[in-house]
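Pulled from Swiss-Prot, these are the features on record:
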- N136, E139, N165, E168, E197: Fe(2+) binding site (BINDING)
- E139, H164, E168: Zn(2+) binding site (BINDING)
- 12-32: transmembrane segment (TRANSMEM)
- 41-61: transmembrane segment (TRANSMEM)
- 75-95: transmembrane segment (TRANSMEM)
- 126-146: transmembrane segment (TRANSMEM)
- 152-172: transmembrane segment (TRANSMEM)
- 187-207: transmembrane segment (TRANSMEM)
- 211-231: transmembrane segment (TRANSMEM)
- 249-269: transmembrane segment (TRANSMEM)
Amino acid sequence: MPDFSMSNLAVAFSITLAAGLFTVLGSGLVMFSKTPNPRVLSFGLAFAGGAMVYVSLTEIFSKSSEAFAEIYDKDHAFAAATMAFLAGMGGIALIDRLVPNPHETLDAQDPSFQESKRRHIARVGMMAAFAITAHNFPEGLATFFATLENPAVGMPLALAIAIHNIPEGISIAAPVYFATRSRKKTVWACLLSGLAEPLGAALGYLVLQPFLSPAVFGSVFGVIAGVMVFLALDELLPAAKRYSDGHETVYGLTMGMAVIAVSLVLFHF
């Protein structure tokens, strides 16, 4: 496999960091503005989900199969990529089972939210931050390796994850801000959770770098594809549907796929 220059590593890490920092944007929406338009939020989440599914199944999975093809024949390479894909789905499903991700975004304008005791809400915020941080590690690893191998693949994936991180930031910020009334603490809580993505990227690269080979890259990309598809189906699309009863989810899903498809075609020219 090719040796990556410091500039390539810096670009991949910077993009991963930027995607993670979108979590902080969620805190701004809680502290400085009213609740976002549910229909717009539904469209945005579905857009990110469609983009994530499309790029995972068409580009990242293909990268896995291509890497395995350097050491196996075509059929066995596809089988190995499929096994890695299923392993990624199974692994993130296990993490989701052990550390459930809070899918319901807390709304600071909700009367029932206002009536809750601050100490209890503070615990909710800590649990949300912990759960989302645990889920951010594999997302950071996915963004980093996808961008490192091919920025044309990594950039759309990073955009999808960045959009996905905004409501996660809201999930952390709403209870923390209600409990503490401190903008500083709210921003820090979201920032620390978002930094889990570049941290996951750095740790993953340091662990895998001495062993980089076609088999390792094939496994990593297959696992990444499985993780991203699971996150889209388990988190983004259900959340999008919950925020709107109309067709925004379907429109967002198809638009996300279409935009990523066209962008990938343009990148290939």
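Yeah, the Cβs are placed from backbone N, Cα and C, and that goes for glycine too.
Keep in mind it's a predicted model, so treat the numbers as computed, not measured.
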Next item on the list: Return yes if the transmembrane segment (12-32) and the transmembrane segment (152-172) have at least 3 CB pairs under 8 Å (sequence gap of 6 or more), otherwise no.
Entry: yes
Margin query: Distance check, please: Cα of N136 (Fe(2+) binding site) against Cα of H164 (Zn(2+) binding site), rounded to an integer number of angstrom.
Written below: 11
Checklist line | Stretch of maximal Cβ-Cβ contact with the transmembrane segment (152-172) [cut-off: under 8 Å; candidates 41-61, 75-95, 187-207, 211-231] | finding: 41-61
Next item on the list: Please give the sequence-distant neighbours of the transmembrane segment (75-95): residues at least 6 beyond its ends with Cβ less than 8 Å from one of its Cβ atoms.
Entry: 61, 64-66, 68-69, 134-135, 138, 218-227, 229-231, 234
Checklist line | Distal contacts, the transmembrane segment (187-207) - CB-CB under 8 A, six or more residues away | finding: 9, 12-13, 16-17, 19-24, 26-27, 125, 129, 132-134, 136-141, 143-145, 148, 161, 165, 168-169, 172-173, 176
Notebook entry, point to check: If one measures from the C-alpha of E139 (Fe(2+) binding site) to the C-alpha of H164 (Zn(2+) binding site), what distance in angstrom results, rounded to a whole number?
Noted result: 10
Margin query: Let me check the 10 A CB neighbour count of E197 (Fe(2+) binding site). How many other CB atoms are there?
Written below: 32
